[in-house]
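This report refers to the structure that appears directly beneath it.
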Amino acid sequence: MIDNFAANDIYNYIDGLDSSGFEKFLAGNNSSIFPTIATNRATSLFKEEVASLDLTTLDNAGNTLATARDITIGATPTTYSDFVGSTDTNDYYRFSLGDTSNFSLDLTGLSADADVSLLNSNGRVITKSTNNNNSSESITRQLNAGTYYVRVYPYRGSTNYNLSLAAAPLAIPDNAGNTLATARDITIGATPTSYSDFVGSTDTNDYYRFSLGTTSDFSLNLTGLSADADVSLLDSNGSVITRSTNSSNSSESITRQLSAGTYFVQVYPYSGSTNYNLALSATTATVAPGYSAISGYGLVNAAAAVAGALNESPFADVPTFGGANDWGVNLVNAPEAWARGYTGQGVVVAVLDTGVDRNHADLAGNIWTNAGEIANDGLDNDGNGYVDDVYGWNFANGNNNTLDGNSHGTHVAGTIAAGNNGFGATGVAYNSRIMPVKVLDDSGSGSYSGVAQGIRYAVDNGADVINMSLGGGSTDSAVQSALQYASSSGVIVVMAAGNEGAAQPGYPASSATSWGLAVGAVDSSNQMASFSNRAGSNSSMRYVTAPGVQVYSTLPNGGYGFLSGTSMAAPHVAGVVALMLSANPNLTDAQVRQIITDTAGNVA
């Protein structure tokens, strides 16, 4: 979750106090009642000054935050009478709440125009009431426990006033358990079941426990929020399977296929306190034939997939290519597609990673360049919003330097498109072109924002395939939107499943239930790598496996080396997709997903 605000409330900072203590006047408050003719204004002001002569100038309230009058308020309204005007421009009251409460305020008995603001403990405005003339003012608000100020001040003229305040603590339910051990046991079925409760500073965790007898399609919705709360789905050991962490008081949701077993739901506050409604359901799932919770649809098969793209039978076997270091391209049957003339020609693969060494001898001939951009002229020649992006864009650092200071991205690029030139490594789609899109810095770190922008950049600038050998934590709405954008634009996104040895893919590979492909890692014997995240029980997950243990590929500065990880497996599949598109460039994301999984071989 992005940390937008640390406080419990979101405040409007448009207006505040000027150096003299008066509130700045802004159009849209009471400015419309000022006379537009000078003579009328003078007359009006004179009448107010005369009227003020009869006022009793009380001054029991403090005139600054530091000297604010301390008051105690409760469920029954308490009233304070005082005066504000030209000789007393601010009255401050300070009160504290021990619990989340429904707060109300009324400012009445006015003979001139006065306004009222509710401030937080730092003196910042939470809300205000600014009615015209001598109309009464009122504020109603739910407030968290804490210290607050009320400021009464004249807008025009002088007046006595009556200030009435009340605060009634909310009835806070606590039916859910506060730990895994004390989790509330619930039963869920096909019809959603709802539970209402509260989380906040006094109740920081609500846990629910449920069991499923069969593999089921599970859904959860957290609604009715008045503050920022999040929700996690946990396995029987309390480890997080997935979570929903939308910002502010937005609703949360989780949809997932789950195996039979016991699970927990954790609801917790991110900022502030709130009641909530939690609705859960689970319906028995139908698991696709040939799907394994370990290896998904199995090892990707280029010979069958490219043939499938052409509606042909799988291509005939050919002799093993190259030497011992070329085991990866042989395991995925890439040479069979090459023999038919499909080598990735005409296909652009965007590598969203740590950058690419575009000068490497095995890559230089296969680097995409932006034909609409003139190098180093300081202009955005093609009008795409990026200056001098001849070799892609660096979203990690906000510039056009897409070179690789890490090695990860260059290794990935070589697996896809290193040349078939008799030396070094050979890529699965050795005639495809690599679009460098740097979304991770040289330390391997990046942001969801950068990844989302990188996806959109790749789509908008002509990529046909996007490889993302990266992973993060919780689901991100900007990345989800970008993945959907890629899919709807006909661009296939290939994502590494993750290296935690978990029972299901990490994020963003978990999005392959809807878009793109998730890829796990196998070794040269086609056995699942111990570190690879598995496919999980949801057969809607378009998960396949590919070589990811001791893979030989390009490194920066003309080097070569071996790396292991699902990061190495994903580009094998991206290369296979490039081969498919070189055979049939009209394939959609949905068609590629279907063909890849239909032609893969399971190793369960």
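Yeah, the Cβs are placed from backbone N, Cα and C, and that goes for glycine too.
Mapped onto DSSP helix, strand and coil, the domain 'Peptidase C-terminal archaeal/bacterial' (90-153) counts 0 helix, 42 strand, 22 coil. The domain 'Peptidase C-terminal archaeal/bacterial' annotation in TrEMBL covers 90-153 (among others).
If you look up TrEMBL, you'll see 205-268 (among others) marked as domain 'Peptidase C-terminal archaeal/bacterial'.
The annotation domain 'Peptidase S8/S53' is assigned in TrEMBL to 344-600.
Note on Asp353 (active site, charge relay system): other Cβ atoms within 10 Å of its Cβ, all shown chains, come to 29. The active site, charge relay system feature in TrEMBL is assigned to Asp353 (among others).
What TrEMBL records for His408 (among others) is active site, charge relay system. Proximity of His408 (active site, charge relay system) to non-local residues of its own chain (separation of 6 or more, Cβ distance below 8 Å) is seen for Asp353, Thr354, Leu440, Gly444, Ser469, Leu563, Ser567, given in sequence order.
A sphere of 10 angstroms centred on the C-beta of Ser567 (active site, charge relay system) encloses 27 other C-beta atoms. If you look up TrEMBL, you'll see Ser567 (among others) marked as active site, charge relay system.
The average pLDDT computed over the domain 'Peptidase C-terminal archaeal/bacterial' (205-268) stands at 93. DSSP states for the domain 'Peptidase C-terminal archaeal/bacterial' (205-268), grouped as helix (H, G, I), strand (E, B) and coil, give 0 helix, 42 strand, 22 coil.
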